[in-house]
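A.B. asks: What follows is a single structure, and I will ask about it in a moment.
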Amino acid sequence: MSKDALNLAQMQEQTLQLEQQSKLKQLVNEDLRKQEESVQKHHQTFLESIRAAGTLFGEGFRAFVTDRDKVTATVAGLTLLAVGVYSAKNATAVTGRYIEARLGKPSLVRETSRITVLEALRHPIQQVSRRLLSRPQDVLEGVVLSPSLEARVRDIAIMTRNIKKNRGLYRHILLYGPPGTGKTLFAKKLALHSGMDYAIMTGGDVAPMGREGVTAMHKLFDWANTSRRGLLLFVDEADAFLRKRATEKISEDLRATLNAFLYRTGQHSNKFMLILASCHPEQFDWAINACIDVMVHFDLPGQEERARLVRMYLNEYVLKPATEGKRRLKLAQFDYGRKCLEIARLTEGMSCRKIAQLAVSWQATAYASKDGVLTEAMMDACVQDFVQQHQQMMRWLKGERPGPEDEQPSS
């Protein structure tokens with residue numbers, strides 16, 4: 001009896017499981033059917049949307065094409081839009097070139113008194129006040145030359161200033177002579193005396209530019225022509241790139257740059273004045289010589305000029321700092337006038353720059369001392385050292401063999 005009851009219970013349990021599985025399958029099938037219906041509805045809705053959009057676009061396009069006024073207005077609008085975009089692009093480029101030509105400093109310019117955009121943004125008050133408070137300076141202020149050369153450069157300064165006042169054509173000048181004789185300083189003073197801007201470039205910067213040299217040269221003169229005050233363009237070491245094209249071995253890029261320079265300086269201008277400085281003017285191309293109006297020789301200072309230079313630099317680098325008391329520097333008591341004359345006699349053959357370096361060495365020697373006092377003996381030691389260095393440099397320059405004190409003992 002119990003066995004039949006157990007079998008009956010098992011059969012009922014199996015029946016219940018089958019019923020549950022059947023219901024579960026029905027639920028799964030119902031979910032699948034609903035999902036399939038949802039996908040079909042979404043697909044049908046998407047297709048209907050595409051058909052409606054296509055119909056709407058087609059009808060709109062058909063209406064647009066058949067309406068001549070709308071077509072004309074659209075074409076005109078697109079044309080104006082294209083012209084506007086093209087004009088804006090080119091106007092931006094032109095504006096950039098204009099700003100660069102007017103205010104940007106060319107890559108060849110090492111130093112200039114013209115106000116650049118960067119300097120104006122960094123120090124606007126300082127730049128404006130410098131321009132408003134600037135006054136013409138004496139062309140020979142801080143420049144020591146022989147009496148004949150002083151008269152010559154003063155005449156040039158008067159001529160240049162009057163040319164600027166009367167808006168005449170500037171003359172091209174060649175300053176030649178040994179290095180350190182005051183050519184660059186005179187060019188700066190000439191610009192300030194005449195109320196002009198100045199720009200300094202060096203000939204050694206041209207050759208490394210290669211193919212960019214021609215473009216840089218044209219940018220330089222385009223920039224020079226925009227100066228309202230007139231520009232004095234000073235080319236230091238001009239012989240570095242203005243060499244003879246017929247005999248010198250120069251690259252094609254440098255030759256093209258030289259041709260561009262000759263083209264821009266072939267005629268006189270009321271916008272810029274050209275000053276060339278060279279230690280070897282005999283190396284110039286003949287076309288450069290034809291462009292030069294005035295030649296001025298800056299020679300080494302004589303004994304009288306050296307005495308003036310020694311006094312000037314002694315005052316600038318030693319006496320003035322010592323009297324101000326702001327630095328650790330004092331000067332012993334001795335006859336300064338006699339010492340300046342003695343030093344002028346010993347420094348024969350030295351340039352203005354060398355004498356300035358000698359005065360700087362006096363200052364450095366005083367700073368190196370324990371008490372900061374520059375004595376006469378310390379000055380004499382510096383002078384003797386500079387004289388020996390100058391003699392050695394002259395031996396190198398002349399190609400002479402070193403003296404007995406420099407020769408090595410034979411083995």
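Using N, Cα and C of the backbone, Cβ positions are placed for all residues, glycine too.
Fair warning: this is a prediction, and the values are worked out from it, not measured in the lab.
According to Swiss-Prot, the protein has these features:
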type	residues	note
BINDING	G177, P178, P179, G180, T181, G182, K183, T184	ATP binding site
A.B. asks: For the binding-site residues listed here (T181, T184), tell me which residue's CB has the most neighbouring CB atoms inside 10 Å.
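C.D. replies: The largest 10 Å Cβ neighbour count belongs to T181.
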A.B. asks: With a radius of 8 angstroms around the mean position of the C-beta atoms of G177, P178, P179, G180, T181, G182, K183, T184, what other residues of the same chain does the ATP site pick up?
C.D. replies: L175, A277, C279, F298, S351, C352, R353
A.B. asks: Which of P178, P179, G180 (the binding-site residues) has the most other Cβ atoms within 10 Å?
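C.D. replies: Compared across P178, P179, G180, the most Cβ atoms within 10 Å surround G180.
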A.B. asks: Taking the Cβ of G177 (ATP binding site) as the centre, count every other Cβ atom within 10 Å, in any protein chain shown.
C.D. replies: 19
A.B. asks: Count the Cβ atoms, other than its own, that fall within 10 Å of the Cβ of G182 (ATP binding site), considering every protein chain shown.
C.D. replies: 24
A.B. asks: Which number gives the other C-beta atoms within 10 angstroms of the C-beta of K183 (ATP binding site), all protein chains shown included?
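C.D. replies: Excluding its own Cβ, the number within 10 Å is 23.
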A.B. asks: For G182 (ATP binding site), what is the secondary structure state per DSSP, taken as helix, strand or coil?
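C.D. replies: SS state of G182 (ATP binding site) = coil.
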